[in-house]
Protein chains: 4
Amino acid sequence: MEIDQLKKWRRELHSFPELGWTEFVTTSVLVRELKSMGYEPLLGESIINREFVRGRKIDLVQKAIKVAIDKGVDKELLNKMNELTGCVAIFDSGLPGPTVALRFDIDCVGVQETDNENHLPLINGFKSNTPNQMHACGHDGHMAIGLGIAKWLKQQPVNSLCGRVKLLFQPAEEGVRGAKPMEMSGIVDDCNYYLASHIGFIAKSGEIVVNPNSFLCTTKYDFRFKGLSSHPGKDPHVGINALAGCCNAATQLLAIPRHGKGMSRINVGVIRAGEARNVIPAYGELQVEVRGETEEINTFMCQQAERLVKGVALGFGLDLEIEVMGEAVDLTNDQEMVQLLSDVSKPYNLTIIESRPFGGSEDATILARRVQKINNGKAIYFVLGSDLKGTHHQSDFDFDESILPIGVNIYTNCLLKLISKK
Amino acid sequence: MEIDQLKKWRRELHSFPELGWTEFVTTSVLVRELKSMGYEPLLGESIINREFVRGRKIDLVQKAIKVAIDKGVDKELLNKMNELTGCVAIFDSGLPGPTVALRFDIDCVGVQETDNENHLPLINGFKSNTPNQMHACGHDGHMAIGLGIAKWLKQQPVNSLCGRVKLLFQPAEEGVRGAKPMEMSGIVDDCNYYLASHIGFIAKSGEIVVNPNSFLCTTKYDFRFKGLSSHPGKDPHVGINALAGCCNAATQLLAIPRHGKGMSRINVGVIRAGEARNVIPAYGELQVEVRGETEEINTFMCQQAERLVKGVALGFGLDLEIEVMGEAVDLTNDQEMVQLLSDVSKPYNLTIIESRPFGGSEDATILARRVQKINNGKAIYFVLGSDLKGTHHQSDFDFDESILPIGVNIYTNCLLKLISKK
Amino acid sequence: MEIDQLKKWRRELHSFPELGWTEFVTTSVLVRELKSMGYEPLLGESIINREFVRGRKIDLVQKAIKVAIDKGVDKELLNKMNELTGCVAIFDSGLPGPTVALRFDIDCVGVQETDNENHLPLINGFKSNTPNQMHACGHDGHMAIGLGIAKWLKQQPVNSLCGRVKLLFQPAEEGVRGAKPMEMSGIVDDCNYYLASHIGFIAKSGEIVVNPNSFLCTTKYDFRFKGLSSHPGKDPHVGINALAGCCNAATQLLAIPRHGKGMSRINVGVIRAGEARNVIPAYGELQVEVRGETEEINTFMCQQAERLVKGVALGFGLDLEIEVMGEAVDLTNDQEMVQLLSDVSKPYNLTIIESRPFGGSEDATILARRVQKINNGKAIYFVLGSDLKGTHHQSDFDFDESILPIGVNIYTNCLLKLISKK
Amino acid sequence: MEIDQLKKWRRELHSFPELGWTEFVTTSVLVRELKSMGYEPLLGESIINREFVRGRKIDLVQKAIKVAIDKGVDKELLNKMNELTGCVAIFDSGLPGPTVALRFDIDCVGVQETDNENHLPLINGFKSNTPNQMHACGHDGHMAIGLGIAKWLKQQPVNSLCGRVKLLFQPAEEGVRGAKPMEMSGIVDDCNYYLASHIGFIAKSGEIVVNPNSFLCTTKYDFRFKGLSSHPGKDPHVGINALAGCCNAATQLLAIPRHGKGMSRINVGVIRAGEARNVIPAYGELQVEVRGETEEINTFMCQQAERLVKGVALGFGLDLEIEVMGEAVDLTNDQEMVQLLSDVSKPYNLTIIESRPFGGSEDATILARRVQKINNGKAIYFVLGSDLKGTHHQSDFDFDESILPIGVNIYTNCLLKLISKK
């Protein structure tokens, strides 16, 4: 794959970063390119199950749609998206064979890109043109790799490939929000193989981690309590105190017991309750996350957390809203995929790192688990090393664009092994 | 009324004090005396509704029955009592007329009577013969007055009185436990008048408080949480921690909001949870009391308390047992009874104190409220002054026996006004 | 006093309402008028002890100064104010005699004035020209009365009055913030008499409440906890959790025990802690108020609250900032002042209401207490009745301007009794 | 070593089991035997630093001394013990060489020994003769082995051994209480080698675990809060509520954050506060234990726990007593000792298990750490397998006496390697 095209894509996408669930311009760029290659990308509810959408604020969505219209995004396209971002391009060989899903995430993070004069995106004129939003995690690179693979697929000789490839451009990975509703659309339910990756992170240029481990299961919650305000001097007995509920819930959540079988975590990251000193607070909310080394442990944490807040709601007479804002599971790569990846990596002189702890959460795992469970499919998540400027999620983040063609090649060589006509 | 008989009764009863719900010997003495006057006292479930019995420990009851048997109490009598103490003697004039209830409490307190050489019960040989139990509140005097009235009633000329008089000897006033089940037996449901009193307390010998006020409504609760023990090192996630539930419940109970309409109170007097340092506690309990200046406020406190503990039980996955251990309400004396009492007190050269704060709880109020509500009956609770040694509930408590005949006379003169044949 | 002048003053002040500590334009209007009468008003630190200023946000102050400059307020005047609002005009008779302090509050409330077409300020073109700020409590009327008295004083014949009168135009009454630093400037330390009042509130036009009672003592607190953020997945043991501290503090504060001697109150009106779900919160704050029926009870509440938050800070390893944001005390009017006010009210055909519960907090009480304590001075706070549209602090609030001259007359007749040359 | 003597010792000691810090009879038996071999055992404060004694109740100690006197224990011996149990016998070869410490624990557990007819101690007439006390952990076997080694040492030819051997008979291992004060007496400060072991537990007869791992560090605490009682109705503001303090402390302790570097644990096993429903509790206590996978983590837990309870004491105005009731650390066996043990075990046809998780706490680790730290000494703790009836700490526990001579042989062969004259 030619690096120039990959850089061009990456740089265009870098210049207009969008937060999770608002990637309307980003999606339109992907659709434009995919269409120019001959794909007819799937959009909206065919790839996103609205019922399972997590952590999406409708006012931000509508503002983003207006911005997209201002940017000249086609209204018909926006109609098809139906307020949901992301797209899926399907390559169908026309011949019987397995279905392979490849997944690329497309959202940015809420960081102000640096004005440091050594910052390559600034020098080369593709710095984010939106304040406080930046592709500071490398998802622009992921998308460029995805487009490169899409192009490569269309370039293969007729009848050289069999089966199908689904290129999933998934929204809202940050906050581990987008994979669940994509899973629940059923889009990977017919897939036999699944590959996803991240650039940088735990490996340098020239390295590839073929079997990262220690993916943390996690669930993100918002808990919202609604009570009744009253005057704390005159009517202290009338109020139904949402602040009291929030504070008791928070202290109880932080005391969820440890789990005997492994690592667990709980954080109450944000509490907001009450509006004025002299009013008994009628509303309060908690932003919470739990984690577990295994799905069993994470489920334990979720059950404890949900039961505790329900108890507080009952005890204080409050109405309670529980919203799951995001989730990711753990992942065990299938050994045959690890072997496959090691094999195809060798010709590229990459240092193959068998295993290294990922130590974070990634919602690519949710789609991987679906493929593994539903079809006894085989899944892998790997890390494509890249030298970095800054670190992920920081304003001076940048990765090494020279890895982009390597990424495309790794994927396409895997495809050659998986769906070459024999 | 002759003082000698009253003193004799009082002293016999003083010498064998029994705690609430264990007054088997005491009841047998009352029954013996009442029978000797010609009464056939009601016992057991005819006067105590077992379903509403509060704060009664069955092992203490059974131990007390054994003691009573050892003391020679007739087994047939004990059978009739059916594990329930107290008795009611009914005087029936045979003529139509109103029914008057008089109530006397019969239990002692858990105090070791003093060995101080100046202590009159010691000097005169009627000190408590049971360790850690003592008539240190004057209920022995109340019973003596009640027997005096019983005797007087039988001495009145035929056809001089009309209607009926019910002499209620109520168990378990301490902890405000006995009045509720007596109320729920229906024993006062046909009563048109109700009189009860306390000796000492807020008035000296020569005084009578005809309209004490500020009776505090109160409810006593035991809350018991049951969970599941487990090893805190190996299986911290398996335990269902009753101690955590208890402690959260206690902190929440202490934060029940104040009431805008008046005084409220909450106390968690006792907490007990867990048996060993290295076991997650499977059981815990709280002993709680709430109070309110009015029934509305006390009800608010009860509702809040019960809801909070239910919320904790739900949140922590615990089983919960709520037991009401006692209760008392407030009281507004009927003005015509206040007037009646003032009138009959005058001949005895008593200083009539119109009103004085009682500032405590008394379950005589529960029976008073029943009479007031059910028949639009008239009720009064008054305080018969007495000089005291020590104070109520202390080991050196003693009252002035010379007030006993005055007490009988006040009551009997009231009866003459209420049920004399006209 | 002519009503037209009073209305003109009131309406000008009404049209440019300013929140507590930002009354720069308001103060400049007062100064302009007072200077035109021949006063040389005191400003800045001579009347406000900066150390005791409560609940003042410096960014709002600086914004307000810019607005004042835009409005044409003289920069030299602003320099003299030195970022502090309010002014004191002193009338000195030149003859020996007592010093009388009269106090008028000058700030508005944070309410959007109504556009209802029947709203008199709208009809007459003096509606607030600042969004979300409105004289919805009547302080505009208080200032007009103060200016009326100032004018009257200058009109009295030479040598008819003795002693001095201090006209205190106090900032920041809302949130009970301004009186304390005015007290601590020493401005009333030489005063022998003190009068202050409110219009409307608990009395109608034609009524005057000469001895309102039940002023609630109150203290307003901000508690701010500072800890250390860390990653809740990787480094849960490194964070010093300000949210945990806040929540434990809040639950403990709400459980401050009731007081046996009278009414107490506690409210945690606002909690804010943490910025992101996946960060252990490094900062959190509580906005709290306590109240007490008496200064003893309020002091108890303060001591408990401060000790509890200090304990939490120690226990959780947090830094703690305690800021008193406002305070008011209770008040017992001096009987001779009550008599004086009753006497001077009679000629005006006012219904004199001896006593009526005020049931709120007012920081005029702080200055009153100072005068009473320091010189055994005599103080009074009274309520000048007024028919109202809407109620205090609501967008359609308006009072009856016809009471303004009555207000002036009541005050000036009091002055004639207190400082007429005999 | 002859098994008969070992069994005789074990059975005598089994028949009179004593709880930690009350092993007066046990110590007297050990002293009797050791003296008969020619030792002059050290007692009292020469081996136990009284200042560091943990979890010792003086009334139990005094009761045990009376029992010992009744049992005929020599009063002079008891005087030397000075209320402290345990003893240390020192074998001194008279030749220069290393000092080796061997440690044996001597206390029993609080369990009622079974009356099951198949229970060997019952059949053979050496069942515990003290109710609710039983050698149900095997410490009787440990002591027998210790005595066997002592005897063997005295039997060795003159000049065949060099250096010294300290035989530590340590009290109060249960609750991990006795090692710390023994450490702090300095008794092992001159030791170059340290060996200790447990029988049974994680290995069967014929097995030896030469390098058990996963010793949990632990600290046991009692936290005691003292406040002020008062009447919750009349004087709720006067009480200093120890129950409120306890409950807040408990909820905070249970929420001590997890540690990022490994496993941690917290348990509040017991809470007791308050004596009566209608009294504000003046006293309350918590029994707590923390654990950590490493000493760093356990120290973190200790620091958090102590700081939290101090914060609660400050916040609620309570006096606080922190008592460490027991402690154990982790242990890394020195590799050369593991090798030594493996070497000497081979001739006995034992299955040598290199490593197996111990998964519990043992205060032998405290003495091991001292030897390792102070002299760069070498230490080992191993498990001598034994088939068991029942499990440790249960009423039907029994071990396989045939392992006793193996235990002696393992130790003595180690000694031959360590202190044979070369």
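Backbone N, Cα and C define each Cβ position, glycine as well.
Sequence annotations record features per position, and here TrEMBL assigns Mn(2+) binding site to C:Cys137, C:His139, C:Glu174, C:His198, C:His393. C:His139 (Mn(2+) binding site) carries a helical DSSP state (H, G or I).
Per TrEMBL, domain 'Peptidase M20 dimerisation' is recorded for C:221-308. Restricting the average to the domain 'Peptidase M20 dimerisation' (C:221-308) gives a pLDDT of 95.
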Which has the fewest other CB atoms in a 10 Å radius around its CB: C:His139, C:His198, C:His393, the listed binding-site residues? C:His393
Please spell out the DSSP helix, strand and coil residue counts for the domain 'Peptidase M20 dimerisation' (C:221-308). 26 helix, 30 strand, 32 coil
Sparsest-packed among the binding-site residues, when each Cβ's other Cβ atoms within 10 Å are tallied, from C:Cys137, C:Glu174: C:Glu174
Cβ-centroid neighbourhood (8 Å) of the Mn(2+) site, C:Cys137, C:His139, C:Glu174, C:His198, C:His393 excluded: C:Asp105, C:Asp107, C:Cys108, C:Val109, C:His135, C:Ala136, C:Gly138, C:Glu173, C:His392
